[in-house]
Each structure stands twice: as structure tokens, then as C-alpha cells.
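**Q** First, the structure itself, so that you have it in front of you.
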Amino acid sequence: MDNTMSSTKLNLESEPISYDMNVKRENEETSSDRSYETDDPMLMTQNLDPLVLITPDKRRTRKDSGRKCESPTERASRLAKMSAYAAQRLANETPDQRASRLRRMSEYAAKRLSLESSEQRAKRLSRMSAYAAKRLANESPEQRQARLARMSAYAARRQAMKKVASPSTSDDCHSENSNYNNIQTMPNQS
């Protein structure tokens, strides 16, 4: 019974236990090359965005870990605040920041699309198609008119860019068409 120790008979003068195992120590030095420390207050607010600081691989949330006792009005208010914050952040970003953000988004999208299987691609395309069909079915005549006007303006811009990019090909096309018309009007030589 002497070999076993009971918690009621602990001796306070016993030898100290050393805890020198693999304990991580906090780094007391501060890093001087932190990218988020700037003198410009606008850049500080942009760089301290909580959605940017927490990268998706470090953020661990459960599906049902959202706010449980949030009323619909509180949720709408919270979403409106988040949207306003994001809009302000995007409005205040510099062209360089915008370019780097768009580049990151493009790289992320390309990576995701390259890793998807054919079944995932089929599902994604069917969801996109269903969403577009639903959106088109629910649009008002004014919205339809505005959409068609935007599409027409875009097509006109693309056509103008093609004409500027290759003026010689359009001349060749017209000359081929005129030759084709001449061939059609020629009498048959039998």
C-alpha cells in the first residue's frame, strides 16, 4: 500500500515535477515585416477586415454554428451592415489592390474548376442553368428590356473592337462576298 499514492495523503514537500517536455514558448519578439501595419488609416481598415485576416483553411466552423437566437430583423440588419462594409471597402481600394484581389479570385476559381470531377461540373452547370431560367422567368418587362439593351450594347462594343483589331479581314470578307455575288449572277457555261 506504500507504493500507491492516495490523493488524501499528498506530501507538499515532495520533489517538484518538471514539465520540460515539448512546451511551445510564445515568441516575444515582434515581427517588423507585418504587411498590415501601415501609417495610412484607410489601408489599415482594409487590411484589418476580419474576412480577409482569417483564411478559409484556418477558419473552422460547423454548419449549424450560426447565431441561434437571431431574429429575422437582426439578421437583415447584420447582413446590411456587412454589405455596406464590403461596399465601402471595395470603393476605397486602390487599382493595385483591386488587381491583386481579382487575380486571387481568378486563381482560386481556376484551381477549383480544375479539381472538379465531371459529375460536379454537370451539377454546377445544371444549377447555373436552373438559376438563370428562374431569374429570366421572374423578370419584369422593364428588366427584360434593360437586359436586352445591355446585351446589345455589349455586342456592339465587341463588334467595334473586332473591326479595330483587324480592318483588313473585313475588307477581304466584303471582297469575297462581292465575288460570290458575281459568281451567282454569271450565266451557266455548259
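Our numbering is plain: 1 for the first residue shown, then up by one each step along the chain.
Cβ atoms are placed via backbone N, Cα and C, with glycine included.
Take a look at what TrEMBL says about it:
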- 1-11: compositional bias 'Polar residues' (COMPBIAS)
- 1-77: region 'Disordered' (REGION)
- 22-37: compositional bias 'Basic and acidic residues' (COMPBIAS)
- 63-77: compositional bias 'Basic and acidic residues' (COMPBIAS)
- 74-147: domain 'STPR' (DOMAIN)
- 159-190: region 'Disordered' (REGION)
- 166-190: compositional bias 'Polar residues' (COMPBIAS)
**Q** May I have the DSSP-based helix, strand and coil counts for the residues of the domain 'STPR' (74-147)?
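**A** The counts are 67 helix, 0 strand, 7 coil.
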**Q** For the domain 'STPR' (74-147), provide the mean pLDDT of the predicted model.
**A** 96
